[in-house]
There are 2 protein chains.
Amino acid sequence: MTSPEYAHHFTIQNLPYGIASSPTHPTPQCATRLHNTIIFLADLHDAGLFSSIPALPANVFTNPTLNSFAALPQQTHSQIRHVLKSTLQQTGPPLALALPLPLPSTSMADISTVTMHLPVSIPSFTDFSASLPHNQNAGRIILGHDSLPPAFFHFPIGYAGRASMIAISGTPITRPVGHICIWEGTSAPEQTKKKKKEKNVIFAPCQSLDYELELGVIIGKPLARGTGLNAVDAEEHIFGLVVLNDWSARDIQSLEMIPLGPLNGKSFATTISPWIIPLSALAPFKTTGPEPRVSLPPHLQDPGAFNYDITVMAELEGEGLAGRTVMGRSNAKELFWSIRQMAAHLASTGCDLRTGEVLGTGTVSGEVEGSFGSLLEVTRGGRVGIGCVGRERGYLVDGDVVRLSAWAGEGVGFGECVGVVRAAALPN
Amino acid sequence: MTSPEYAHHFTIQNLPYGIASSPTHPTPQCATRLHNTIIFLADLHDAGLFSSIPALPANVFTNPTLNSFAALPQQTHSQIRHVLKSTLQQTGPPLALALPLPLPSTSMADISTVTMHLPVSIPSFTDFSASLPHNQNAGRIILGHDSLPPAFFHFPIGYAGRASMIAISGTPITRPVGHICIWEGTSAPEQTKKKKKEKNVIFAPCQSLDYELELGVIIGKPLARGTGLNAVDAEEHIFGLVVLNDWSARDIQSLEMIPLGPLNGKSFATTISPWIIPLSALAPFKTTGPEPRVSLPPHLQDPGAFNYDITVMAELEGEGLAGRTVMGRSNAKELFWSIRQMAAHLASTGCDLRTGEVLGTGTVSGEVEGSFGSLLEVTRGGRVGIGCVGRERGYLVDGDVVRLSAWAGEGVGFGECVGVVRAAALPN
């Protein structure tokens, strides 16, 4: 069941795509949302609403994922969107009588009666790290001094994640167990200066479980191996955006990532929001981003308005907190690299792009207190609490509910990406 | 078309699985191989050869991948193998008259008339780095002193690779383009001591293209999220092994991998050999491996014979070389971590294992000259040539053919994993 409180995110300007099931539609299938009403697209298709649009594949809306639909050319997406918008905009909810078609009333459902499912089958997941402040913050906290990844200004840095562990908003997150370095007899600030000793590695539940507030890019039209891609052309291959939580076990990550990067510290869980917001709904919110610091090769050049003005927010609910508490609020327009540049960088070696694959932006953070997208930054690596009694350590505790949300402007939002932390399952 | 020269790898003791097509079987489908004869399994199934084995899924052998077959319990695999072995062992090739069944002669084909295809649909790829000598060699070459990844003795370190770019042996490899750090006015040994300067980053074809001689583990029976796995139980989920070439662009890798690990330096291509050798064919070659250096948590404990005695070899053919030249020969029995421990480590956070996913062992290298599994090691980071005139730089040149092969013992081999290097496609 999905919370109705984000009705204002889903106006006629939005019209996102998701996979829903309901008592009348028990098989998960493609749907859109207007305020708190879900509309099953196969019913509209069966009623002939899209009959003017040629070349829709069979079962395009009855499939249990959006992949077949997402893979279509953007021109087809525009046509579908145009039909939906002109049909649905004649009235607000309730919509039952507003359609000029003899639709069964069951083609719509209130959001509170609906179960949302993973919107796409995800063949690949690449998580970038495109926020300059996040990299600066993390460098200061982890290394103790100003330091940026050597490639940061040259291309969007990133790593391959675990696609099969991406789950839909609402999926509980079990605290992972893993190998953790423990430093004895030193206070936290000294830890980074002390050489790690083998004898202090333990296998135990993660002690510094964190969220990362990100946006996720869903690839639509695929790109074949060996093709390459220029950033300025990349939106033809982007179906839309979601909110993404790149759950992170900081202590597990810390030991494993030299030199091959994160694996078990990330692969235990990633969560995405259920509604894919099409780029066409976000087009009015295009904005310029930071200027490049170095000369870029042609495929990464992306002059003009390459970013999106999307506010992102992380809220925490749990022990010691009085209801939902905002942990950080920032904006994706500050990202140093655009989603187009991320796709172009990945494709630059001849790597393919597959329908449904996810590119994460990396944690979206600002420079100042209150704008941080992870507890690593909020708590300075766990050295300070999160501002409430009894939580001096600062990272997530069992029972915490993390709510990430985003909105581009009045009427175009992402809803939320939520997860509750469960206690570690002890190894057998 | 596949070379027949590895007939001796595929005796009755082997009976691997692959996906083949031929003039009589134009649709890629499941097959086994005995010497140089391919046998299409669906024909045997249709003829009733497996009628004593219950619960084989429909189309299990006509599918264009082995996933449906690989996902079956190992007991079923054993039954199929027993039937195949007892049917086929009565004679060597030619087999046409040896079967006690009225099979059409087209159910068999000579290897030279057959095209091999990717044996499984691959949902995920995790590449480990389990060879102690390889890590020691790489540390000395790259960092200039003895250095091991801090986690090396605690668990098998690894990173997520790009599953969609895994290709079948024989697929040409286009030299990737990427961001490369160039140090001016310094000789190679000084490079590592010199601070990298931004102005020296160029976007150009890779100048240090390398192979990595690995084995690949193909996951069979899936493991659900949140289950966990002990190393001693992991073979229930392993369908078999292949030879794997983790093509690597050393210069692209070098700039990008701090701190998130390799991405574009690896994701441009990975090649696997076409025949999956079942673990049951490799069972006679089980052997003990190195002793653990630290106390291991229960899921990683794997006492006794946990490794396989599999000789691996890299050969190079190309400019300046007189035919095939052995670049390195080593043995997988020296791997510090077993394939069972790799699967158990990946699953230890609750991560799932999916049918068809690939786990790479990492480069299999020994300690001494002649036993190195990469040109990084053979040429000490490109500082010395490969022992022939005109190739002072040491890494792969366009036109080079890399042939990786492996064998466990008399009659049980992997055939080869081959790739020719093509010139870079210049960015548009």
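These residue numbers are counts, starting from 1, taken along the chain as shown.
Cβ atoms are placed via backbone N, Cα and C, with glycine included.
B:D246 is the only one of B:D246, B:D302 that TrEMBL places in the Mg(2+) site (with B:K266, B:T270). Just one of B:D110, B:D127, B:D352 is listed by TrEMBL for the same Ca(2+) site as B:E212, B:E214, B:D246, and that one is B:D127. Here nothing among the binding-site residues B:E214, B:Q253, B:T270 falls inside 10 Å of the CA of B:H134 (active site, proton acceptor). Cβ neighbours within 10 Å of B:E212 (Ca(2+) binding site), excluding its own Cβ and spanning all shown chains: 27. Secondary structure from DSSP puts B:K266 (Mg(2+) binding site) in coil. For B:T363 (substrate binding site), the number of other Cβ atoms no farther than 10 Å from its own Cβ, over all displayed protein chains, is 30. The helix, strand and coil residue counts that DSSP assigns across the domain 'Fumarylacetoacetase N-terminal' (B:13-119) are 31 helix, 21 strand, 55 coil. Each of the binding-site residues B:Q253, B:T270 was scored by the number of other CB atoms within 10 A of its CB, and the lowest score belongs to B:Q253. Put simply, of the binding-site residues B:Q253, B:K266, B:T270, B:T363, the one whose Cα is nearest the Cα of B:E214 (Ca(2+) binding site) is B:T363. Look at B:E212 (Ca(2+) binding site): DSSP puts it in a strand.
Proximity note: of the listed binding-site residues (B:D127, B:E212, B:D246, B:K266, B:T270), B:K266 have a CA within 10 Å of the CA of B:Q253 (substrate binding site), given in sequence order.
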